[in-house]
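S.K.: Have a look at the structure that comes next, please.
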């Protein structure tokens, strides 16, 4: 191995820098991947601000990436040179949550891009069992969206979304847009999407939402027939959870996917029994990576509308600023790392 690479490093408190550093060494059972593309998501922006939890600083962020295997452990030599993406969740396999099939809740959790260095670098080290082979020739920028699409599919599965059900998606950022497409892929109808940003509302409508409005312009749905069967809350805004209960029909379901660090919820618990709705939380990809890869590879999910900013590491500062402030139509920032 040997050699050096450049990487984006976060220090918290809105502090970041580009570093020149040795390429990662692979522990036993781990592979090293040459990263081609890595995307910043909302949790990375909280990490940049210094408001995430359970991480270390300094840290190389990045858990949404795709690349090519550079080195692999014994028994996986044939994987070298093949395109892959990978799961960020490394469970201990021995604690209660891991034994119950919930590695995202592992009591000894390792998270690539949070507790160990991630994919915003020329190379990243990943357990070989966390890697997923991609079809040869697959667009690796699109493949960098495997993890967020897996989260969207996990939400759709956990809420038991059924064909012909009526859906609202509150928050049309990256995850919200992928939930919207995933819901439609199941045969559901997305009757409504919301977002603060006009460009994101436009993308939502172009992706199949019957209507997309500013949250302040949400219609007042009073009749059972007007309300939706399922609401996906993908913004993390506490007020949006309250709005979700206004939109869902009695007996419907609300899925909480969005997450804002430190947000205080304004939900009166009495609303839940009075709404006769089920409230479900979703965290992480939930084992949906292979399904996500297949949907991206066959074009059933289109990432092109949300990959708005493909930049190099040299442009990290203005790109992060656009992502945080949602300016210039930015939905997702993706770093092109092929030359790092």
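The backbone N, Cα and C atoms fix where each Cβ goes, glycine too.
According to Swiss-Prot:
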BINDING   41, 63, 147  Zn(2+) 1 binding site
BINDING   92, 95, 98, 106  Zn(2+) 2 binding site
S.K.: Taking the mean position of the Cβ atoms of 92, 95, 98, 106 as the Zn(2+) 2 site, which residues outside that list, in the same chain, have a Cβ no more than 8 Å away, listed in sequence order?
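M.R.: Near the Zn(2+) 2 site, the remaining chain residues are 91, 93, 94, 96, 97, 99, 103, 107, 108, 109.
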S.K.: Within 10 Å of its Cβ, which one of these binding-site residues (41, 95, 98, 106) has the largest number of other Cβ atoms?
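M.R.: Counting Cβ neighbours within 10 Å, the top one is 41.
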S.K.: Should residue 147 (Zn(2+) 1 binding site) be counted as helix, strand, or coil on the basis of DSSP?
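M.R.: It is helical.
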S.K.: Once 41, 63, 147 are set aside, which residues in the chain still have Cβ within 8 Å of the Cβ centroid of the Zn(2+) 1 site?
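M.R.: Filtered neighbour residues, in order: 39, 43, 44, 62, 64, 65, 88, 113, 148.
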S.K.: If you measure residue 95 (Zn(2+) 2 binding site) to residue 147 (Zn(2+) 1 binding site) at Cα, how many Å is it?
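M.R.: Counting only the Cα atoms, the answer is 24 Å.
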S.K.: Could you check what DSSP calls residue 98 (Zn(2+) 2 binding site) once collapsed to helix, strand or coil?
M.R.: helix
S.K.: Just to verify a number: CA distance, residue 147 (Zn(2+) 1 binding site) to residue 106 (Zn(2+) 2 binding site), in angstrom, no decimals.
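M.R.: So the alpha carbons of residue 147 (Zn(2+) 1 binding site) and residue 106 (Zn(2+) 2 binding site) sit roughly 18 Å from each other.
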S.K.: With every protein chain in view, what's the tally of Cβ atoms within 10 Å of the Cβ of residue 92 (Zn(2+) 2 binding site), excluding that atom itself?
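M.R.: I count 14 other Cβ atoms within 10 Å of it.
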S.K.: At the Cα level, what's the spacing in Å between residue 41 (Zn(2+) 1 binding site) and residue 92 (Zn(2+) 2 binding site), rounded?
M.R.: 25
S.K.: Using the alpha carbons only, what distance in Å do you get between residue 92 (Zn(2+) 2 binding site) and residue 63 (Zn(2+) 1 binding site) once rounded?
M.R.: 18
S.K.: Round to the nearest Å and give the CA-to-CA distance linking residue 106 (Zn(2+) 2 binding site) with residue 63 (Zn(2+) 1 binding site).
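M.R.: Just about 17 Å between their Cα atoms.
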S.K.: Could you tally the C-beta atoms, other than its own, that fall within 10 angstroms of the C-beta of residue 63 (Zn(2+) 1 binding site)?
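M.R.: Result for residue 63 (Zn(2+) 1 binding site): 25 other Cβ atoms within 10 Å.
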S.K.: Specify the secondary structure state of residue 41 (Zn(2+) 1 binding site) as given by DSSP, simplified to three classes.
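M.R.: Its secondary structure by DSSP: coil.
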